[in-house]
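Q: Just dropping this structure here.
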C-alpha cells in the first residue's frame, strides 16, 4: 500500500477486520458535527415562506410595540437581520433606529381610519367635498378621499414601491398602513392587490442577505436560508447543489470569481466574447472588462481603479495625455515571435488544466452510471452466505469517491488561475509562485493517486469473491476512503491558509470542506405559536389569483450553465393568498386574461 499512501497517512491504516469495523464512520464523526445538531441551512417552501416572514415580524412587533408595516420597513432596511436590528436598538435607542430606516411612528395614533357617512369632508388633492365614508385617514393623521388614495397606491405599486408606500401629504414620510392599501386597491384592481401582496411576501427573500432563491431550472419554488455564513454550499430539497454566494453550481475549492472566469473560458466562444476579448481589458482590481473609448492611456474602471491601457498595471489618477505620473511600462513593440510564443504557452497551459478538469468530470459521470451496478453487487453479496453481512463500506466508499472526484475536478480550475501570470501577478514573485505551485501539486497528485486506486477497488467484482478476499478488499476500500478524505481536508487547508490566505486582496474565499459532503438544507419550521397567528391579518383580503404548482426541478443537476444566476432574482411569477396558501400569478400575462382563468 506504500505506492498510494503517503507516510503521514499511515496512521489511518486499518490492518485487521476489527480495526476497520467502523473506520469510515469513526473518521467522519471527528470531522463533522453530530447529525442531531441543527442544520445551518433551511429550505423555505411556498407554504413556509409566510410563516418564516411572520416569525421575524412578530419578534420585532412585540419588542418595539409597533404595527406590522413599520416592523417590515425596519426589517427590510436591516436586510431582515433581526439580531442586527435589536443590537442597533440596544446601542442607539428607538429614535435612532427609526430615523435610520426612515420610519415615522407618531405618539398619537388615530383609532379609526374611516368616518361616518353623515359627515361632509373635503379632499385636499382633488378638492372635492365628499361624504365621510369616502374618506380614509392614515396613522399620521392625513386624510384624503379613497379615489386619490387608490390612484396613489396604484402608481406606487406599478413603480415597484410596494414595500415602502409613503403618505402622499407634502413632506410626510409616514409609511401607509398595508391593510388600508390592500383594502382600497383590491376593490378596483384585485390583480394589483395580489401583486402588492406578492411583493411584500417576497421582500423576505429579495431583501434578506441570509435567504436566496434556489437557482434550479425549472424553478422548484424553494428558497434557502443560511443563518451563519453565506459562504457555503448547500443542497436544496429539489436535489440541486449550488454555491449560496454566487448561485452557480457548487464549485469549491474554486472561489466564485475563479469559477465564473473558468466557466466563461470553457464555454464555446461566440462573436460577442471574441469582441470583448479584442476590445476590452480586465481591471486589475475587480477583474471586470473595461472598454477604452478614446483619449489617453489612463483608464478608470467603474470600481474607481485607474490602470494603464498598454500594460494593464494599476496606477494613480495623476496623468497627462502622454504619460502617467509614477508609472512607466514597456512601450508596445511589434515583436511577432514573442507574441506567438506567449500565445502558444498560454494555450498549452490552458489545454493541460482543462484536459485534467474534463478527465475527472467525465470519470465522475461514468462512475455515477456504475452506481446501480455497485448496488446490485451489494445486494447479491448480502444474499450470499458470507461472514460479512454489512456492506455499508461499499456505499460509503462510493460516496467518498464522488466527493473527491468533484474536489479534484475543480482543483485544476483553481490551479489555472492561482498559478497563472494574470490574476495574482502582483501578489507573488515568480519564485514564490513556483514554490506554492509545487506544494499544491504534491497534494493534488497524492489525492489523485488515491482516488484512482479507490475507483479501481470499487469496480472489483467483490460479489464473486470468497470470504477472505471480501475482507481484504473491505480493508482496502475503508483505508482509501479515510485517506482521500484526509487529503481533501489538507488540500483545503493549504488553499485557505498557504495560498489564498497570504494574498493582500481578500476577494477570493472558498466554501469550507465538509467530510460528509454538501449539506442538505433542512425543512423550515416556524417557532412561533399558533395563537400568535391571530395578531396578523390574512393577506388575501378578497384578492383572487390563479392557483398553480411550480414545476419540480427535474434534471436540475444538468449543465452548469442552466443553474448559474448572476443575481438574486425573483422567479417571474406573482401571486396572492387563498386559504393562507400562496398562489402564483404570471405578471407577464394581461390582467383580463388572469381574471378569466
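Glycine residues also receive a Cβ, built from the backbone N, Cα and C atoms like all the rest.
Straight out of Swiss-Prot:
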- 119-333: region 'TRIAD supradomain' (REGION)
- 140, 142, 167, 172: Zn(2+) 2 binding site (BINDING)
- 296: active site (ACT_SITE)
- 308, 311, 319, 329: Zn(2+) 6 binding site (BINDING)
- 536-575: region 'Disordered' (REGION)
Q: Excluding 140, 142, 167, 172, please set out which residues of the same chain place their CB within 8 Å of the center of the CB atoms of the Zn(2+) 2 site, keeping sequence order.
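A: Nearby residues not in the site list: 138, 141, 166, 168, 169, 174.
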Q: What Cα-Cα separation, expressed in whole Å, is found between residue 308 (Zn(2+) 6 binding site) and residue 296 (active site)?
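A: Counting only the Cα atoms, the answer is 9 Å.
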Q: Sort out for me which one of 308, 311, 329 has the most neighbouring CB atoms within 10 A, since those are the binding-site residues we care about.
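A: The most densely surrounded of these binding-site residues is 308.
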Q: Can you count the other CB atoms that lie within 10 A of the CB of residue 172 (Zn(2+) 2 binding site)?
A: 13
Q: From the binding-site residues 140, 142, 172, 329, pick the residue whose C-alpha lies nearest to the C-alpha of the residue listed as 'active site'.
A: 329
Q: So if I measure Cβ to Cβ from residue 167 (Zn(2+) 2 binding site) and keep only same-chain residues at least 6 apart in sequence, which ones fall under 8 Å?
A: 138, 140, 142, 173, 174, 175, 176
Q: Measure the Cβ-based neighbour count of residue 296 (active site), defined as the other Cβ atoms within 10 Å of its Cβ.
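A: The Cβ of residue 296 (active site) has 14 Cβ neighbours within 10 Å.
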Q: An 8 Å radius from the center of the 308, 311, 319, 329 Cβ atoms defines the neighbourhood of the Zn(2+) 6 site; name the other residues of that chain inside it, in order.
A: 297, 298, 307, 309, 310, 313, 315, 324, 327, 328
Q: How many Å lie between the Cα of residue 319 (Zn(2+) 6 binding site) and the Cα of residue 172 (Zn(2+) 2 binding site)?
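A: Pair distance, Cα basis, whole Å: 48 Å.
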Q: Rounded to an integer, what is the Cα-Cα distance in Å between residue 172 (Zn(2+) 2 binding site) and residue 311 (Zn(2+) 6 binding site)?
A: 54
